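Okay, so here's the structure we're looking at.
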Amino acid sequence: MPRKSRKANRRHPLATVVLIAIGLAFTGGGYALFSSTTTATAETTVSQSTIDEGEKLFAANCATCHGMSLEGTPDGPSLIGVGAAAVNFQVGTGRMPMAMQGPQAMQKPTQFTDEQIAALAAYVASISPGPAIPDESLLQADGDAANGAELFRINCAMCHNVHGAGGALTEGKFAPELTGVLPTHIYEAMLTGPQNMPVFNDDNLSPEDKRDIITYLKYLEANPSPGGNELGSLGPVAEGLFVWIFGLGAVIGLMVWLTAKSN
Amino acid sequence: MTSTIDRTEHGSSAPADAKPAPKGGGFTGAAANYLDERTSISAVVKEFGRKIFPDHWSFMLGEVALYSFVVIVLSGTFLTFFFQASMVETHYDGAWIPLKGVEMSAAMESALHISFDVRGGLLVRQIHHWAALLFIAAIGLHMLRVFFTGAFRKPRELNWVIGFMLFVLAMAEGFTGYSLPDDLLSGNGLRIIDGLIKGIPFIGTWTSFLLFGGEFPGTAIVGRLYTLHILLLPAILVAFLALHLVFVVVHKHTQFAGPGRTEKNVIGYPILPVYAAKAGGFFFLVFGVIALMASFFTINPIWNYGPYDPSPVSAGTQPDWYIGFADGALRLIPPGWEFVWLDHTWSFNIIVPVLALLVLLGAVAAYPFFESWVTGDKREHHILDRPRNAPTRTAIGAAGVTFYAALWAAASSDLMATHFQLSIEGVIHVVQAWAVLGPFIAYFITKRVCIGLMKKDREIVLHGYESGRIVRLPGGEYIEVHEQMDEYDRWKLVDFEQYEPIMLRPNAQGKITGGMRFRARVSRWFFEDRIAPAQQRELGHGHDDTHGELEGGKGH
Amino acid sequence: MAHDEVSGHDATASDSSAVEASRGTSTGTAVIASDVANPGEPPHRERITDLDPKEAKKAQRSIYTLFYLSIAGSIFALAAYMAFPIEDGDISAIRLNTMFIGIGCALALFGIGLAAVHWGKALMYDKEGIDERHPVRGTDETRARAVEIFHEADQESGFGRRTLIRNSLIGAIIAFPLPGLVLFRGLAPQDQDPVELLSHTMWEKGARLTLDPSGIPVKASDVTIGSAFHIIPEGLNDRHDWLEQKAKAAVLLMRLNPDDLNITPGRESWSYDGIVAYSKICTHVGCPVALYEQQTHHLLCPCHQSTFDVVNECEVIFGPAKRPLPQLPITVDDEGYLVAQSDFHEPVGPSFWERQ
């Protein structure tokens with residue numbers, strides 16, 4: 001996977017102005033003004049051949065819904081300003097290309113190799129800049145887990161559950177489970193707000209905050225509950241079902257044995 | 001008390017140690033003498049030592065509840081030595097890194113301390129919580145057993161009410177305990193309780209301020225709940241529990257119909273030695289099951305929830321299972337049930353579910369009195385009904401269970417939606433329909449099934465059961481041989497009673513009052529459909545045409 | 001109706017005499033019972049341990065083995081307590097400590113339980129016994145004597161006769177608990193007006209919107225379309241009553257395309273360029289409503305699934321809540337930071353009786 005060198009996400013007051021100017025110049029639309037984040041975009045060193053390969057892949061797999069020039073169609077939103085991060089997340093987790101229209105795009109095995117995903121991302125980013133794929137240094141799960149946990153509870157737990165076990169949204173949508181999700185994808189999801197997830201730009205959760213949240217989630221994966229099996233981390237419902245089925249079940253089994261006549 | 005255990009009949013096979021061996025001296029004798037001269041304990045042993053307790057697996061459910069309670073008291077006592085029921089702000093500095101340095105109450109900090117820094121502390125916490133869940137589940141199942149077998153009938157109506165009080169107290173104990181760690185999950189639970197209380201007309205706002213000592217969440221609630229949880233509620237609970245057990249002794253245990261069993265006797269095993277061994281051993285088994293659950297399965301991982309803060313909330317915020325029906329009732333209310341009238345807010349989205357729960361609980365408490373009013377039966381009942389032999393009662397019970405189950409299911413609507421890939425709105429709408437229509441459907445189906453089973457029983461009594469043996473008759477015809485039951489098995493199927501509806505007759509003043517009419521109507525609804533037990537004269541000639549005919553019912 | 005003819009009892013409710021009712025013999029409505037005779041107890045069946053001394057020996061052996069196993073379990077639990085220290089704070093050590101002490105205890109418990117029950121079932125004399133039942137009511141003599149005692153006590157004390165004494169006693173007993181009850185008034189503070197407190201939050205004109213939990217102020221330009229910011233008022237973290245204040249003042253800040261917002265007259269100035277701030281406290285029973293869907297603009301409460309439509313000023317589109325989430329009027333100060341124009345225009349959170 002070709003690494004992109006990029007500037008750190010330091011916000012310079014002028015960067016916003018420049019970005020807005022670029023965004024307006026590219027699209028002329030108001031939408032991009034807000035959906036492209038204030039993050040400074042990456043200075044790419046991706047080769048033209050990679051972008052060309054991405055363009056071919058895009059035309060073959062994505063353009064039907066998202067339009068030949070990313071402008072969107074009734075079947076799929078515009079991809080102007082979504083950036084490489086969104087592409088890497090959506091395609092890298094198998095959500096795109098979508099198998100069928102539903103309440104939301106479902107996660108499934110990825111259909112592309114890492115190189116192909118990188119090419120697609122590079123192509124989309126080359127047409128219209130947006131959030132870039134995060135820097136490896138932020139994905140090491142080596143931050144402050146306590147800060148991450150607190151931010152997770154405030155910003156994420158209402159949908160994803162405090163343990164990242166996922167939860168229900170309206171009209172058949174849901175917030176997915178976060179266990180086993182790659183740090184890159186967690187970061188990109190926060191940065192780009194895929195589907196109905198809100199965007200958490202760097203003014204809301206700084207890159208370090210995002211790193212801390214990843215640190216917390218990875219801490220949970222590395223440290224299973226000291227109390228034993230977590231029953232899906234679903235909380236009291238799972239515990240109640242367990243006690244009724246297995247707890248009482250075992251006790252009733254013992255009761256039947258106890259009161260049965262001995263041979 | 002006149003217990004008799006016949007030991008002469010099989011004297012040859014009776015083990016030698018079963019014979020009473022009079023002991024004169026030795027240390028045991030001296031100790032017993034010492035004790036008896038000061039306590040009259042021999043009278044207690046004489047009275048209760050050989051008390052008979054009938055054997056049926058379902059009779060042990062109450063014991064499961066009792067034993068879980070003992071486990072709760074033991075483990076809870078341990079926890080009190082470490083827990084600090086205080087909401088003083090402190091900073092966590094323990095083993096769980098994701099909470100290091102986080103500001104939290106002393107209650108939460110000490111609960112984490114028990115979990116991570118006291119050896120075996122987490123085990124005891126989990127034992128306490130699992131035992132609490134099992135306690136209330138066992139009470140629930142015990143109540144269902146008592147209900148469906150008619151064990152609440154005279155003379156046990158008051159003990160039913162006492163048991164009901166225990167159920168309510170157990171739920172209160174559970175909820176107060178659940179709220180003590182002051183974690184995010186229980187804090188949001190308290191927030192819901194606060195919102196619920198505020199919605200009550202007239203007294204809501206002030207009650208909320210009284211409970212929380214001012215504005216929610218305040219700094220008083222954990223300490224107050226702690227007093228309730230470890231002092232007031234357990235004291236009342238133990239008092240009711242003692243009363244409950246005293247009545248079990250006074251009434252003697254019920255028994256199912258069986259050969260030799262009558263309304264005037266109890267057949268079973270004596271407390272000493274058989275029940276001392278079996279029921280005593282059972283305590284260890286129940287404790288063992290709880291210990292196993294606590295060793296292998298996490299319960300209430302407060303370290304994941306973090307300290308309470310009014311801003312965050314977790315997806316899947318639910319109460320423990322026994323409060324689920326209340327949470328579900330809140331979820332099922334459609335939008336818009338709140339009005340401003342006479343300058344006050346009437347929150348029917350809260351009043352209606354609260355009333356529904358009170359009515360449900362009230363109906364449970366009052367049912368024995370209702371049934372005895374319908375039957376007018378003033379006799380004592382010690383032989384249990386098989387559920388099928390009381391079709392209307394069983395159907396009412398099934399309707400109640402269905403309604404409760406709907407409320408219960410509603411409390412996990414979000415998890416059903418995610419796990420079965422449904423929309424949450426769809427789940428709620430289905431459960432709303434279930435809560436309204438389900439009880440009627442359950443009532444109807446259960447009653448038909450019960451009557452069908454009674455017919456089948458009657459058939460078996462009269463014609464025997466299908467032996468599975470096919471015989472060819474001389475004429476070439478094949479028949480399956482029906483084998484008659486032996487008289488002991490048959491007795492289990494015929495020893496029951498059926499009530500007939502009340503005949504409406506003028507009272508002493510020669511009048512038929514509205515109340516009498518109403519009672520006659522309820523009586524007809526109750527007892528119209530019935531299958532009479534087989535009579536002696538029918539047994540001989542089993543091909544009586546009238547067998548299995550549904551009596552008195554209209555439209556069948 | 002064929003069976004009624006042979007029914008043993010024909011009594012109906014109106015036939016039953018008062019005596020029957022008071023003696024507990026009335027069946028109430030008519031009862032049909034079977035007239036088949038109770039066959040009596042079946043012959044006793046011997047267990048294999050009764051018949052075969054070898055089996056009895058075997059049972060004995062398994063029973064004492066189980067008791068010994070229980071001792072082993074207890075020792076195992078003790079050993080586990082010592083062998084798995086947790087003081088270094090390693091989570092997996094806590095796991096092992098919990099599990100192995102638990103296994104030891106469970107083994108100890110199951111050993112005793114299984115052995116005792118097996119003993120009771122297989123070796124103890126198993127002929128069933130019979131207890132006779134007697135009516136729960138006292139015998140006639142006892143009841144007569146009880147009545148007599150009450151009567152004598154009444155005579156000797158004059159309880160029924162001296163009505164002035166009796167009634168004043170009852171009055172005193174009723175009055176006495178009242179002070180005790182009133183003392184509990186102290187559970188709520190004397191100097192607070194709940195309605196006043198519930199009607200106001202920390203928000204005031206010019207208060208900056210700051211991030212939860214850090215307290216960093218938020219600029220309008222920071223809030224991009226599709227974002228959701230969890231907001232607390234400036235200065236909240238410094239207050240000693242921050243929990244109570246946060247429980248009322250928590251706000252969710254979102255930015256939508258301004259064209260998507262349907263704004264009612266009078267509220268045009270409450271938002272800033274598509275940025276809207278709504279109370280996070282559910283109008284049902286007060287859970288934090290923060291499940292924001294940025295495409296459908298739904299806000300869902302995870303507790304009871306009330307759903308609010310941000311586009312239509314957070315009106316309720318599903319669930320048990322009635323009222324829309326209160327909107328916090330916001331604007332931008334000279335430095336570009338988002339600030340509140342005022343407090344909420346209505347009480348936030350769950351309904352209460354005095355709310356108008």
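From the backbone N, Cα and C atoms, a Cβ is placed for every residue, glycine too.
Here's what TrEMBL has on this protein:
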| type | residues | note |
| --- | --- | --- |
| COMPBIAS | B:1-10 | compositional bias 'Basic and acidic residues' |
| COMPBIAS | B:11-22 | compositional bias 'Low complexity' |
| COMPBIAS | B:538-556 | compositional bias 'Basic and acidic residues' |
| DOMAIN | B:31-257 | domain 'Cytochrome b/b6 N-terminal region profile' |
| REGION | B:1-24 | region 'Disordered' |
| REGION | B:537-556 | region 'Disordered' |
| TRANSMEM | B:64-83 | transmembrane segment |
| TRANSMEM | B:127-148 | transmembrane segment |
| TRANSMEM | B:160-180 | transmembrane segment |
| TRANSMEM | B:226-250 | transmembrane segment |
| TRANSMEM | B:271-299 | transmembrane segment |
| TRANSMEM | B:346-370 | transmembrane segment |
| TRANSMEM | B:390-411 | transmembrane segment |
| TRANSMEM | B:426-446 | transmembrane segment |
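Residues 143, 147, 152-153, 156-157, 160-161, 164, 168, 195-196, 199-201, 325-326, 329-330, 332-333, 337-340, 396, 400, 403-404 of the same chain, all 6+ positions outside the transmembrane segment (B:346-370), place their C-beta atoms under 8 angstroms from a C-beta of that stretch.
Same-chain residues lying 6+ beyond the ends of the transmembrane segment (B:390-411) with a Cβ under 8 Å from its Cβ atoms: 144, 147-148, 150, 318-319, 321, 324-329, 331-332, 360, 363-364, 367, 371, 428, 431, 434-435, 438-447, 450-451, 454, 525-527, 529-530. Counted as Cβ pairs under 8 Å, contacts with the transmembrane segment (B:226-250) are highest for B:64-83 among B:64-83, B:127-148, B:271-299.
Computed over the domain 'Cytochrome b/b6 N-terminal region profile' (B:31-257), the whole-number mean pLDDT of the model equals 95.
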